[in-house]
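**Student:** Annotated substrate binding site per Swiss-Prot: PHE70, ILE71, VAL72, ILE73, HIS74, ARG141, THR342, in sequence order. Under the heading heme binding site, Swiss-Prot lists HIS328.
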Amino acid sequence: MACPYMNGGDTLPHRVTFMEGGEECQQGVNKVEMGFGQTYPEYLQLDKILTAQKLKSEADGQRVDDEHLFIVIHQAHELWFKQIIFDLDIVRKLLNNTIVDETKTLKIVSGLDRIVKILSLLTEQITLLDTMSPLDFVDFRKYLTPASGFQSLQFRILENKLGVKQERRIKYNAQHYKNVFNDDDLKALNTTEDEKSLLTLIESWLERTPGLKSTSEDEGFWSKYESSVNKYLSDLAKQAEDPSNTEEIKKQLRAEYSKTSDAFQSILDPRQHEQHIRNGNRLLSHDATKGAMMIYFYRDMPRFSQPYQILTFLMDIDSLFTKWRYNHVLLVQRMLGAKQGTGGSSGYMYLRSTVSDRYKVFLDLFNLSTWLIPREYIPMLSPRMVKTLSEHSNLSHSQSSESE
């Protein structure tokens, strides 16, 4: 059999290769010589960025090489924090409307996606410091005092803009987190506390979920959901009392039914939900939680596909911040053990306390799985609601505006 690559002959066909020489690769102009605009170093102001790595150990005549890595990693973090804040402000601006333009939802999704990717990078980037030995860190640690990552203004601004509640913060040396900042920084922090956080904006957005409430034309999602839950619980109770079950199995199934029923009652009863908010166990309002659940159940509908992505990215942001905090805790324990932090905190013990649900902004979204029901119990959408969720509310308006 002839080789399929030989064209029936003994020689290989002509191969396409990249030109490594010749006139084609030299056909261009040197715009720098012609004085066109700024050069790469000028545009990026590299003279400022690349000269900002001042090793304190070197200035003291005892240069420690790993101090350079330590500085670069933290400077890179601050640059990425700035980008996250920039993108977060764009997302917040798009959400900060009585009616969110649904044709802009993709821009919100893209902004959150970018934030997630940056946080993924930072989660891995901090582990680069693991290439530094604890003994090498000790050699230049004395030059850091009283500097501490706790003093990162951008990180605190980012937390506030996301929606970290002040009352949920772990105190730093039994003091308010703002006590380490000067007057100008305090003004910036106070501004972010007064602004609407991403959590607040998402809550308002979810409360307006289409089809959530009953109207004269449609029963609404929530009343149908309550009926479905009651049927689901009734079936669970019947399963527990099945005559074919042994008494031991019946006892176990009854206990499971009781726990499941209590869990559903905590969301079906608005008063119980409000009590959970007062206790600090939940953050989103009852209506916002109902809206999120509706999006979860009907995420395949065109109008809910991007909102579902938004909710997913919000949980990703929380997850990645938790992972970053955890990686930071492990790093500090490895480098310091039980020593006090350079800023005066308890070091590892303080940081470990921040790796908790207290710092999860969108904790309620994680807990939605508690109240999901099997697919066969999910309420059917009415024909009217199918139509509502198949077309963006302001799509027709946008198209008519463009035609004008």
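Backbone N, Cα and C define each Cβ position, glycine as well.
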**Student:** Do you know offhand how many angstrom separate ILE73 (substrate binding site) and HIS328 (heme binding site) by C-alpha?
**Tutor:** 12
**Student:** State the three-class DSSP label for ILE71 (substrate binding site), counting H, G and I as helix, E and B as strand, and everything else as coil.
**Tutor:** helix
**Student:** Where's the emptiest Cβ shell within 10 Å among the binding-site residues HIS74, ARG141, HIS328?
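**Tutor:** Fewest other Cβ atoms within 10 Å, among the binding-site residues HIS74, ARG141, HIS328, is found for HIS74.
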**Student:** Within 10 angstroms of the C-beta of VAL72 (substrate binding site), what count of other C-beta atoms is obtained when all protein chains are considered?
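**Tutor:** Counting Cβ neighbours of VAL72 (substrate binding site) within 10 Å gives 13.
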**Student:** Cα distance, the residue listed as 'heme binding site' to HIS74 (substrate binding site), nearest Å?
**Tutor:** 12
**Student:** Find the one among the binding-site residues PHE70, ILE71, ARG141 whose C-alpha lies closest to that of HIS328 (heme binding site).
**Tutor:** PHE70
